[in-house]
Structure formats: C-alpha cells, structure tokens
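Asks: Have a look at the structure that comes next, please.
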Amino acid sequence: MKIVFMGTPDFAVPSLKSLINEFGVEAVFTQPDRPKGRGKKLGMSPVKEVALEHNIPVYQPLRLKNEPETIEELKNMEPDFIIVVAFGQILPKEVLDIPKYGCINLHASLLPKFRGAAPLNWSIIKGEKVTGNTTMLMDVGLDTGDMLLKDEVEITDNMTAGELHDILMERGGELLVRTIKGILNNEITPEKQNEEETCYAPMLNKEIAKIDWSLSAQDIHNLVRGLNPWPVALTSYDDITMKVHQTRVEKGDSNKEPGTIISVDKTGIKVSTGKDILVIEKLQFPNSKQLFVEQFINGNSVEIGKVLK
C-alpha cells in the first residue's frame, strides 16, 4: 500500500509518525522552507524534518495547483491514499482524484462544526464543552467532504488552545490509522455533513484579540483561553497595550462600568464586565515577560477605578 502525506506544522508530526510506523509513507509534501527566528535563516517545516529523518522523499511546491510537473510525479506514484494534515494549501480536483481511496483530511473539530482555519481556537472561544478530531474524504469545498470517523475530547473549564492543540495533535495519528484500516476493511460508511449544523472558524488576527468588556466574564474568559498562546487577548491600560494570558470568572456584579478595575491583590486584578467579574491572573506589558499578578504588583502599581479599554 502506498501512502503520500501532506502536512507542515507541529500538529501534523504525530500523524506522520503514526503512518510511518503502521504502514510506511511513500512521499511527503510540505510547505517550502521559510525564514525563521531573528536571523531570518531558512528553516524546514517540522514535517520535513521528520521525513528526512526517515529518508522519505520530500516535495515542497510553492503552490501545488500551479505545478503540473509535480502533479504528474504524484500521479506516477499511484498512491492508494493521500493523507492531509494542516498542509496549508488547497488541493485542486486533479490531485483529489489521484489516490485509489481518495484524499483523507484530519480536521481538528467535530464537523460540520467549525470548518475553517482555526477550529480548535474557536471551539474554546465559543464556549464548547466537547470537541475532537474528524477524518473526512476531501472534496473541492472547504472542509465540506463526507465524514469518516470522529474522536471526541472534553474541553475543561480552564483549558487553553495550546493545551487542546497538544491533545488533538497526539490523538490525530491514531484516528488516521483507524480510518485507513476501516476503509480497507469496508467498515466505514462515509457520512454527509449536515449543512444546517455548520459554523465557521476563520483565521485568527489581532482584531479578534481585543477584549470587549461589555461581554460577560465567561465570554471574555473563553476568548482569553482560545487565544492562548497566540495571538493572546489584548486590552488597554492608560493607552498601553496589555496582553491577558490567564483569567478566571467570579460570580457577582460590581455595578461599575465594564472594564473598571475593582480591586487588586496577589490573587489577581478584578475587573467588572457585562455580567459577573473577570479576574486577571497573568498579564504582560510591552517589552516585558508575562507575569502572574502576584509577581507584577511587587514592582508595579495598578490603579483601582481605572477603566480598561
């Protein structure tokens, strides 16, 4: 059996390793080397590093859909499966039609919920209690293909996007192995997605990160968790941008304008919101490292009554 793998970031690495260990991988497609770090030296993707460690041929098309010679090489491989995990490029129909059993994508949500670029972040931001991975047969749409298998994961009250990322990353490989075996044994019936249940998970940006203090404390807490470790929730203190890394919700209302700092002690900075109170536990000012409030107030003052914007 021939498997071609397409993926790029850390999230795709456990999936690639699982496929190598279980079936072997014929070739790997990943994004071109990019400048990294302060020196801007060209750096390989995490997937490329693993492929080279296992002596697997690596292809790095700038845009696969615009490279007919590379597509021809892919056809000549005659793959049974193309497995796609966070590749970062849209595959044209010509590529989708190549493998015997189709192109299978691992998507980090329980489809049809949270189609798009940032599903695990939006699952937390929107207050979901359960998410997971879905394997699906790819078609020309954006995460619209028939679903194959799902693996559910609980989102706990204080779980961050970074923590959820690592859980889904590690569990993705096992789900892909089960999916491939299930297809080969005719044990999986592809399931159409219900279009009425869809919602989208657009790419994250710094505009999304700005805290609206008129929202409830729970909604803001979800935003903080969903944007940790990147791009991190933001607010303004005296026109200085402050990153908010960690929070908790406290029941009760202060009857103060949303965003007003109510109290400060070593357990956190209490801020009024549209509903209940948000307690900031870890923050970061420009040109400084992130600190727990207990550390921060040792050398800095926070003015009670000040309104965060």
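Yeah, the Cβs are placed from backbone N, Cα and C, and that goes for glycine too.
Below, the features straight out of Swiss-Prot:
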- SER109, LEU110, LEU111, PRO112: (6S)-5,6,7,8-tetrahydrofolate binding site (BINDING)
Asks: Using all protein chains in view, find how many other C-beta atoms are within 10 Å of the C-beta of PRO112 ((6S)-5,6,7,8-tetrahydrofolate binding site).
Replies: 19
Asks: Report the same-chain neighbours of LEU110 ((6S)-5,6,7,8-tetrahydrofolate binding site): residues 6+ apart in sequence with Cβ closer than 8 Å to its Cβ, ordered by sequence.
Replies: VAL130, THR131, GLY132, THR134, LYS150, GLU152
Asks: Please report the number of other Cβ atoms within 10 Å of the Cβ of SER109 ((6S)-5,6,7,8-tetrahydrofolate binding site).
Replies: 24
Asks: Is it possible to get the count of other C-beta atoms within 10 angstroms of the C-beta of LEU111 ((6S)-5,6,7,8-tetrahydrofolate binding site)?
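Replies: Summing over all protein chains shown, LEU111 ((6S)-5,6,7,8-tetrahydrofolate binding site) has 26 other Cβ atoms within 10 Å.
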Asks: Which chain neighbours of the (6S)-5,6,7,8-tetrahydrofolate site, leaving out SER109, LEU110, LEU111, PRO112, have a Cβ atom within 8 Å of the mean position of the site's Cβ atoms?
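Replies: Neighbours found: HIS107, LYS113, PHE114, ARG115, PRO119, THR134, ASP143, MET147, LYS150, GLN193.
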